[in-house]
Every structure is written in C-alpha cells, then in structure tokens.
C-alpha cells in the first residue's frame, strides 16, 4: 500500500535539493536547505524503531545549528564582499565549515554515527547518499581555499579508518565508511565537478546495493552478518564483492574513481595528499576485509535455508555492474 505522506515528503526532499543546487543566490540555496531538513525528518521517524525519534531530534538540532551559522556567515560574506578580500576569504571558509557540518565530514562528523545508529536502513540510504548532494555542490561554488579541502580530506580518511575498525554495529560502520568517501568526494571538487559526479554515482550504486541487502535481511551487527555468511556461500560472495568494491580494491568498480583522482592529483603536484590518501586506503581496506575474511577461513556446512530466493533481480544487476563495469568505466577517463 502506498504511503502518501512519505510520497509527499520524498517529493519535497528531491525538489528542495534541486532548488538549492540550481539557485542563483545564497538565500535561495538556504531556503532549499531548510525545505530539505523539514522534508527529511518525517522520513526518519518509524513506528518499528523506538530510537528513531531520538535520532530525528539529534539530526534536527545539528542541521538547524548548521543552517543558522550558514545564514549568518552568508550575510557576513555578502556585506564584506566589496570591502576587504581577506574578510571575504575568511567568511567563505566559515561557510564551508558549516557545509562540512551539515554533510558530516571530519572533524565535524561527531553527530553522524550517533544519528545513523538510531535509524532504519531505508532512511540511512538517503542520509548517506542523497543528503550529501546539496552541501557538496554549494561547497564547490564557494571554494576559496584548497588547503581547507585538503585538510578535511585527510582528516576524513584518517578518522574514519581508525574509528571504523572497532565497530560492531554495521550502521556505525557504514557511517564511517560514508565519512571516508565524503573526504574523497570533497577532494574531487578541487579537480572538476564532472569527476565528483562520476565518483558520487559509483558510490551511490555501491551504497544502495549493500544497504538494500542489509535492509532485506535485517542485519544490524557484525555477528549477524557472520551468521548469514555461514548460511550461503553465494550470499557471502555477493557481500565480499560489495565490500571490496566499496573499499576501492581492483578490479572492482570502486577502484576506478579513486584511481582517476590519484592520477589527477599527481599531475597537479599534490604528492603528499596522494600519498596520505593511499596509505589511509590500506586501513580502509583492512576495515572491510575484517568483515569477510574470518568467515572465509572456516569450513562450515551451509544451512538448508536459501536466503538467495529473497533477492530481487536488481540486486544481481548491481553486483554484475560492480564486477564487470570497470573496463567500460576506464574508457571514461579521457573526459578528465
């Protein structure tokens, strides 16, 4: 049965995003951000999850704080636009910090794992993917300091890799994974918007695929995932494909945008940033491999239950895309 209330709020959610990214003034972009906030909070609330109300309140407080600071610094930026260049630069950096808070990038990421831990997978899909579009596009239009983006990228990659290792909750694990990819996507904004779009679309497909699997089998903790691996080897193989691709391991599709970005960073003389991203990627890969390798080391009989029958054809399509589309995407590198 169609829930018309959710359909209405989802329509408002998508419309507010397009209003913000196509706005010709900062005030219109701010209105779009407020519409987005008011549309997403009802989508977070579910009757089956008693922690969803707490998560929605936390999300509202953080986003309202970020929107208030964004409006204040926006007015400061407009008033000082023709007075002093250094104040213009400082105000732009402050605007970028408010956008970093709203998207949940490090070091202003403290709220994201706590909010995600009280949400259902359907709402998490929107929070970790769609809700990052508007802050990133607005940040692209207000970048005055590549040094700030460099610091945010390094901090997001390092903090997410360190804090994500000791997680037993898959929701917090995916939150730190999103923080890591947020840092990479912010780094693509220094190169070109088309590269950001390529990275975001690949990240969107990978995230929706693995989050839909978590939602299908109602998996919230690592021990539940390990038990599911013991039930069916094919299902374990599907999860391994997704985790390895999400970590950027070749020859999976998740390797492609990182490889293109590192090439362009090296060509732009960002040698230190490229080296640090490469080192932190090894930590991220260990974080993903830790979920799958223990179950692969034990020979346990499969269960008579067949969880594969509950999978939709779209899941198999996405997994085939993750495995086989890397050669096709390599042809797209000529556009960057």
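Quick reminder: no glycine exception, Cβ is built from N, Cα and C everywhere.
Any TrEMBL annotation is an automated prediction that lacks curation.
Taken verbatim from TrEMBL:
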{"type": "DOMAIN", "residues": "23-279", "note": "domain 'NADH:quinone oxidoreductase/Mrp antiporter transmembrane'"}
{"type": "TRANSMEM", "residues": "12-33", "note": "transmembrane segment"}
{"type": "TRANSMEM", "residues": "59-81", "note": "transmembrane segment"}
{"type": "TRANSMEM", "residues": "93-112", "note": "transmembrane segment"}
{"type": "TRANSMEM", "residues": "138-161", "note": "transmembrane segment"}
{"type": "TRANSMEM", "residues": "235-255", "note": "transmembrane segment"}
{"type": "TRANSMEM", "residues": "270-289", "note": "transmembrane segment"}
{"type": "TRANSMEM", "residues": "316-335", "note": "transmembrane segment"}
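If one looks beyond the transmembrane segment (59-81) by at least 6 residues along the same chain, the residues whose Cβ comes under 8 Å of a Cβ in the stretch are 26-27, 30, 33-34, 37, 40-41, 44, 87-88, 91-92, 94-95, 97-99, 101-102, 111, 115. Sequence-distant contacts of the transmembrane segment (93-112) (same chain, six or more residues past either end, CB-CB distance under 8 Å): 33, 58-59, 62-63, 65-67, 69-70, 73-74, 76-77, 131-132, 135-136, 138-139, 142-145, 148, 152, 155-156, 158-160, 175, 178-179, 182-183, 186.
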